[in-house]
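Quick one: the structure is below, and I'll ask about it shortly.
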Amino acid sequence: MRLWRDPLRRRWVLWAAMGTLFLLVNANRLSTAVLSENLMAAFGTTGAQLGTLHAVFFWVYAVMQIPTGLLADRVGPRLTATAGAVVMNAGVIWFSLADAYLVATLARGLIGLGGSVIFVCILRFCANWYRADEFATMSGATFAVAGFGGVFATTPLALSVDAFGWRSTVGWLGVVGLAMAVLVFALVRDSPVDAGFERIEGVPGQETLTTAQLRASLSAVLRDRWLWVISLMLFCSTGVNLTLFGLWGVPYVVQTYDVSVTYASTLTLLGGVGLMVGPPAVGWLSDRLESRVELMVAGSACYVVCLGLIAVVGDPPLPVVGAVFLLAGVMLGTFVLGYSVVKERHPSSASGISTGTANGAAFFGAAILPTLMGWVLDAYWTGELVGGVRVYTRTGYRIAFGIATVAGAIAFCCTLWLYRRERATSPSEESTVDGVTGE
Ligand SMILES: N[C@@H](Cc1c[nH]cn1)C(=O)NCC(=O)O
């Protein structure tokens, strides 16, 4: 079978197998929106407790990103991703059986712990199997998988919960995930050489780093100012998007326009569609044009205008809100190029550490911004309750979108800083950090 014998084809099969695990990570992390009423009923939680149950995934996920990068570079993506998938899906099954809030919270933490390694392992796998000028396309395609997972966590999940109940649905997701972990272990190899092929032309050789080299790489990554600026940019952009599509987007639409939750979730679903289209398209374009930072500047400017529109107007026509959600997903594709930039600034054999560090910052944003916006909404709450649910004010939502706009503006300033630095740096210095040339 050519698909299996040709390394240029086999890598797609392996990427798809790992991608399925990532789809499940995304389905699980965003499932709390659809499951919220079931969880509140099952564990008798308040809104704040539900928020904690949701956020514990992101805190564990964020903290784990640097260790994940070290593991991906040292142990390799195959073993790290397999172990992560086993832990995550054991957590999913445990969550489906939980009989108390504390147990459910611990189980969700376990889901975050296992799930946290998958994305960086896929990027590490791509660094081993794809050329540097294919990396932005592949990281964009991996983000698109996240979009599929996000879409799965909306209407399809809701239909399944209606038909089979939330515990059976979640439990079966865990069983499927465990089967995928076995498949990834059986199929995936860390590099073409490990799979019995020659090195793929143009893909740098991947030595395994010693502990001293790991420490030196981590220290070089943490001293790289570009890495910190890109991390701040990802903190803001990923934080805003996951807050919008994972938590506050639906209540904003429901309460501002007096529409049903199902209707509102189709609008946030547009954000997932944007994520499926934008990152792979922008990544492909960036690899073709050999341009990263220029696209980031243009995309982030558009992102700020979109968010600012809702902050200023408050209740623009619903199709405009849908377009803003779609564009916020599409424009995330330009921020994703930050992963390619950090990878290119450090040796390929340390790409897990560099991309993992940036991804950690992105998920601290996803853990902190929902709470920040929640505080603002609570501060402007008038005490109105409908069916036990807090109804927030238009001013509260406008200020929350104002925070999102400021976060977008900070991300835009980061891209301007990168642009100016790139202009000011000669090409030979550009790809060098501490004298180590990135491939
Ligand atoms: N797709 C992003 C997360 C995101 C942002 N907006 C909606 N989803 C992603 O995949 N980030 C990397 C990761 O580790 O999950």
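Glycine is treated like the rest: Cβ placed from N, Cα and C.
Note that TrEMBL annotation is computational and uncurated.
Per TrEMBL, domain 'Major facilitator superfamily (MFS) profile' is recorded for 12-423. Feature annotation from TrEMBL assigns transmembrane segment to 39-63, 75-95, 101-123, 135-158, 170-188, 226-249, 261-283, 295-314, 320-342, 354-377, 397-419.
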Short question: most Cβ pairs under 8 Å with the transmembrane segment (226-249), which of 101-123, 170-188, 295-314, 320-342?
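Stretch with maximum Cβ contacts: 320-342.
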When you scan the chain for residues with a C-beta under 8 Å from the transmembrane segment (135-158), skipping those not six or more beyond its ends, what do you find?
15, 19, 22-28, 30-31, 33-35, 119, 122-123, 126-127, 169, 245, 262, 265-266, 268-269, 271-284, 286-287, 292, 329, 332-333, 336-337, 339-340, 343-344
Mean pLDDT, the domain 'Major facilitator superfamily (MFS) profile' (12-423)?
92
